[in-house]
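Trainee: Below are the features listed in Swiss-Prot for this protein:
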- Cys51-Cys66: disulfide bond (DISULFID)
- Cys58-Cys73: disulfide bond (DISULFID)
- Cys65-Cys80: disulfide bond (DISULFID)
- Ile84: isoleucine amide (MOD_RES)
- 1-21: signal peptide (SIGNAL)
- Lys76: site 'Interacts with channel' (SITE)
- Arg78: site 'Interacts with channel' (SITE)
Amino acid sequence: MKASMFLALTGLALLFVVCYASESEEKEFSNELLSSVLAVDDNSKGEERECLGFGKGCNPSNDQCCKSSNLVCSRKHRWCKYEIGK
């Protein structure tokens, strides 16, 4: 009886340790994944500073719309729009 109780408690303790270790790895993985996503988001913010995206307010005399996306600053509406026909 004492031996079976000892084995049962030892088994529960071992199960607790294994579950705790796997949970820690999952939390670490999710934190690492979140950090990498935020790092990518920070990099894209740097690109946004260089040029303005679609629908952003702009100044026609100082066109800062993204030329790589075929965007130009509309003189009439003063926002970045797609240039059609080029």
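Placement of Cβ uses the backbone N, Cα and C atoms for every residue, glycine included.
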Trainee: Which one of these disulfide-bonded residues, Cys51, Cys58, Cys65, has the sparsest Cβ neighbourhood, judged by other Cβ atoms within 10 angstroms?
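Mentor: So among Cys51, Cys58, Cys65, the disulfide-bonded residues given, the one with the fewest Cβ atoms within 10 Å is Cys51.
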Trainee: Please determine which of the recorded positions listed here (Cys66, Cys73, Cys80, Ile84) has the lowest count of neighbouring CB atoms within 10 Å.
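Mentor: With the recorded positions Cys66, Cys73, Cys80, Ile84, fewest surrounding Cβ atoms within 10 Å: Ile84.
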Trainee: Looking only at Lys76, Arg78, which of these recorded sites has the biggest number of Cβ atoms within 10 Å around its Cβ?
Mentor: Arg78
Trainee: Select the closest residue to Ile84 (isoleucine amide) from the following recorded positions, measuring between CA atoms: Cys51, Cys73, Lys76.
Mentor: Cys73
Trainee: I'd like to know which of the recorded positions Cys58, Lys76, Arg78 sit within 10 A of Cys65 (disulfide bond) at the Cα level.
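Mentor: Cys58, listed in sequence order.
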Trainee: For Ile84 (isoleucine amide), which of the three DSSP-derived states applies: helix, strand, or coil?
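Mentor: Assignment for Ile84 (isoleucine amide) reads coil.
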Trainee: Give the distance between the Cα atoms of Cys80 (disulfide bond) and Cys73 (disulfide bond), rounded to the nearest whole Å.
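Mentor: That comes out at 5 Å between the alpha carbons.
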Trainee: I need the nearest neighbour of Lys76 (site 'Interacts with channel') among the disulfide-bonded residues Cys51, Cys58, Cys66, using C-alpha distances.
Mentor: Cys58
